[in-house]
Amino acid sequence: MATTHAQGHQPVLGNDTLREHYDYVGKLAGRLRDPPEGGTLITTILFLVTCSFIVLENLMVLIAIWKNNKFHNRMYFFIGNLALCDLLAGIAYKVNILMSGRKTFSLSPTVWFLREGSMFVALGASTCSLLAIAIERHLTMIKMRPYDANKKHRVFLLIGMCWLIAFSLGALPILGWNCLENFPDCSTILPLYSKKYIAFLISIFTAILVTIVILYARIYCLVKSSSRRVANHNSERSMALLRTVVIVVSVFIACWSPLFILFLIDVACRAKECSILFKSQWFIMLAVLNSAMNPVIYTLASKEMRRAFFRLVCGCLVKGKGTQASPMQPALDPSRSKSSSSNNSSHSPKVKEDLPRVATSSCIIDKNRSFQNGVLCK
């Protein structure tokens, strides 16, 4: 009967394989609604706006690190890589939302695996990046050496390994580890994914997070028990970064733990038995919000990053105001030339030297304007 139903609605449903799997786990009716699964237009717009905000703020982090030479060191390379992961997570989830609902059934299984796999690649890269940061901090604390800017090979090696592991984990379903034509093994949250694959991913990510916690606990013990002060190698900056990263890891665990628990429930439950699995979009959104919180943590916890952010924003504002104020400059110049025309032509060099002072004094006189004649008043 299900087959007859599918044949009668082939132009609407599109792919039989996807329809059969969604029907088996009980998500077919929800996906035929736009927005899917009981969502409203407001929540869909909210999710899309959140994803756009995630992309924008993480792009600002990358630009700030790229433009500021102080951030061209190991730790900020890792933070930049984490920002790149968060940026890609925002893009991947936005694409996922736009391709959901009825559009799901117009996808081939390969495109479906790419759509869902991109989220797992971003998650894997984020988790591995946090592990790489913990490894780097641990090695630095053990050696107690100043940072050598010329030795960056370890940084890029760790970052490369992060992405290699992430792509490998995300590609497993499309390479064959899935539940196509094996319905009892299908996940309810991701109907083409094998429950064994999801259990494997959760175990991998949990092991990574436990390793991260152990490494930071060891770093803390090294700092407390060491007779040498960390001030011997730029400690203020180092400890500020350490606090920032610990906060990032804590927020990561808080945001992703509910989704991990939901996946474990998915592995344990049979199809259509656990109603909470049909509300997975809220758990996924909480996990994606982690990508929006990381740049906020960088800004609040690091003075250097906060200054870089403000410079970046103020620089854009100054450029925008400068282009608007530039047409007024020719109108002001003749007044100066008239006042200077009463003097002898022999005094013209002196007039040129005094011009910057006039611009500065006009800044001081008019305190109500922060930008005047192309000059930024402080």
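Glycine is no exception: its Cβ is also placed from the backbone N, Cα and C atoms.
Long-range contacts of the transmembrane segment (45-65) within the same chain: residues 71-72, 76-77, 79-80, 83-84, 86-87, 89-91, 93-94, 97-98, 281, 285, 288-289, 291-292, 294-296, 298, 305, 308-309, 311-312, each at least 6 residues beyond the stretch ends and with a Cβ under 8 Å from a Cβ of the stretch. Taken from Swiss-Prot, the feature transmembrane segment covers 45-65 (among others), and the record attributes it to similarity to another entry.
Swiss-Prot lists 66-74 (among others) with the feature topological domain 'Cytoplasmic'. For the topological domain 'Cytoplasmic' (66-74), same-chain residues at least 6 beyond its ends with a Cβ under 8 Å from one of its own Cβ atoms are 80, 136, 140, 147, 149, 152, 154-155, 304-305, 308, 311-312.
Marked as transmembrane segment by Swiss-Prot: 75-95 (among others). For the transmembrane segment (75-95), the residues of the chain that approach it from at least six positions outside its boundaries are 47-48, 51-55, 58-59, 61-62, 65-66, 115, 118-119, 121-123, 125-126, 129-130, 132-133, 136-137, 152, 155-156, 158-159, 162, 241, 245, 248, 284, 288, 290-292, 294-295, 298, judged by C-beta separation under 8 angstroms.
Sequence annotations record features per position, and here Swiss-Prot assigns transmembrane segment to 116-136 (among others) based on similarity to another entry.
The topological domain 'Cytoplasmic' annotation in Swiss-Prot covers 137-154 (among others).
Marked as transmembrane segment by Swiss-Prot: 155-175 (among others).
Feature annotation from Swiss-Prot assigns transmembrane segment to 197-217 (among others). For the transmembrane segment (197-217), the residues of the chain that approach it from at least six positions outside its boundaries are 120, 123-124, 127-128, 130-131, 134-135, 137-138, 169, 172-173, 177-178, 187, 190, 245-246, 249, 252-253, 256, 260, 263-264, 266-267, judged by C-beta separation under 8 angstroms.
What Swiss-Prot lists as topological domain 'Cytoplasmic' is 218-244 (among others), and the listing cites similarity to another entry.
Sequence annotations record features per position, and here Swiss-Prot assigns transmembrane segment to 245-265 (among others).
Look at Swiss-Prot and you will find 282-302 (among others) tagged as transmembrane segment.
Marked as topological domain 'Cytoplasmic' by Swiss-Prot: 303-378 (among others).
Residues or ranges marked as region 'Disordered' by Swiss-Prot: 323-354.
What Swiss-Prot records for 337-348 is compositional bias 'Low complexity'.
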